[in-house]
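In what follows, a structure is listed as C-alpha cells, so that the remarks can point back to it.
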Ligand SMILES: [Zn+2]
C-alpha cells in the first residue's frame, strides 16, 4: 500500500516491516512471559503513584493486558486473548526508541487513563464501549512517533507533512499506523465484533488521537468549558468532548506523578527537544524557542506548562470529577511550587555565575595590566643586560 511504502521512506528501519519478518516466529513461540501481578501491583496500577520506571517492556505489556481483562473489555468485545497479546506486542514494536515518545510514554498515558477510569467510574457507570475507546486510543496515540514534532515536520517538508498537507501530520500518522496494525487479522482485537460497532470504535479512536495535537488545545478546552457546567452523560456531544479532554489530560500527565517519577521525564523531553533544535539549526530551519538548549532549563520548561496548560485544564475537569482534585491537581500544584523554587535557585545560580564571570574578567583585565607592567620592566632589564637578550628568550 501507499502508506506502508511511505513508512519505509520515512524510516529506514520501519518497525512494521521488522514485525512482518518476525511474524512467523511470533506465532510459534510464547509472545512474552506471563507475569502474575502481585496484589500490590494491581492496586497501585490504578493510581498515579505507580512507578512507571520500575518495569521492563514485557512487564508493561502484561500490565496492559491485565487492564483490558480487568475492565471487562476482553469479554465485552469477545477478544481472543492470544490476539490481545499479539496486538500489544505489535504496538510495542511500533513505538520507536525516542528519548520521550517511546513505548514507556505510551504505557504511562494508558496507565493514567486506567487510573482515571477507576477514579471516575461511578459517574460514567460501566460503559465498556467508552472504556475501550479511551484505553485503545491511549495505547495507540503516539505510534511510530519519529521524535520530531509537527512544526519540524511542516518546516522540513517531511514525507508526513506532504502526505497530510501540513494538518496534524503526526497525529494522522499515529492513527493510520494504529489501523494498519488492526488491519492485520492476527493483530485485530476487534475481529469478533460487528462492522457497525467497529466503525463506531474506529471513528472515536480517530477523534481521540487527533485531539492529542496540542495545536488544538485551546479550542478543545473551550468547547469543554461550554458544556461542563450542565454536563449530561446521555448527551453524545458532551461525552465526545469529555473523551477528548481525558486523553489530553493523560497525554500530558507526567507532572501528576510523584516527583521522583515525573522529573526524569522532563530530562527525556528536553533531550528530544534539543535533538530537534540542533537539527533545525543544522538544516537552517526556524528554531522552536522552547526547544533551544541555549535558553531552556528544566524549571523554565515546566513552570509555564504546569501553570498555564496543565492546572487550568485539570481545574475544569474536576468540576465534573471532584475526586480528581486530591489525586491529580494537588500533585500538580506541588510540582508547580517545586519548579518555582528550582527556578529561583537557577536564577540565583546564574546571577552568581554572572557575577563570578564579571569578576574573573575584571581580574583578567587587571592581571593583563600588571603583566604588561612586568613585561616593560623585563624589557628594560633585558635592554640593559645584553647577555639576556642574546640568549633569545621570547619575552613577547
Ligand atoms: Zn503522547
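Here the Cβ of each residue, glycine as well, is placed from N, Cα and C on the backbone.
Fair warning: this is a prediction, and the values are worked out from it, not measured in the lab.
Among the features that TrEMBL reports, domain 'PDEase' is placed at 25-346. Sequence annotations record features per position, and here TrEMBL assigns AMP binding site to 101, 102, 103, 104, 105, 142, 251, 302. Residues annotated as active site, proton donor in TrEMBL: 101. Per TrEMBL, Zn(2+) 1 binding site is recorded for 105, 141, 142, 251. What TrEMBL records for 142 is Zn(2+) 2 binding site.
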Cβ within 8 Å of the mean position of the Cβ atoms of 105, 141, 142, 251: remaining residues of the chain near Zn(2+) 1: 101, 106, 109, 138, 145, 174, 212
Distance from residue 141 (Zn(2+) 1 binding site) back to residue 103 (AMP binding site), taken between C-alpha atoms, in Å: 11
Residue 141 (Zn(2+) 1 binding site) and residue 102 (AMP binding site), Cα-Cα, nearest whole angstrom: 11
Annotated binding-site residues 102, 103, 104, 302, filtered by Cβ under 6 Å to ligand 1: none
Binding-site residues: 105, 141 - member with fewest neighbouring CB atoms within 10 Å: 105
Under 8 Å by Cβ from residue 251 (AMP binding site), same chain, sequence gap 6 or more: 109, 141, 212
Intrachain C-beta neighbours of residue 104 (AMP binding site), sequence separation six or more, cut-off 8 angstroms: 52, 53, 60
Neighbouring C-beta atoms (10 Å sphere around the C-beta of residue 102 (AMP binding site)): 19
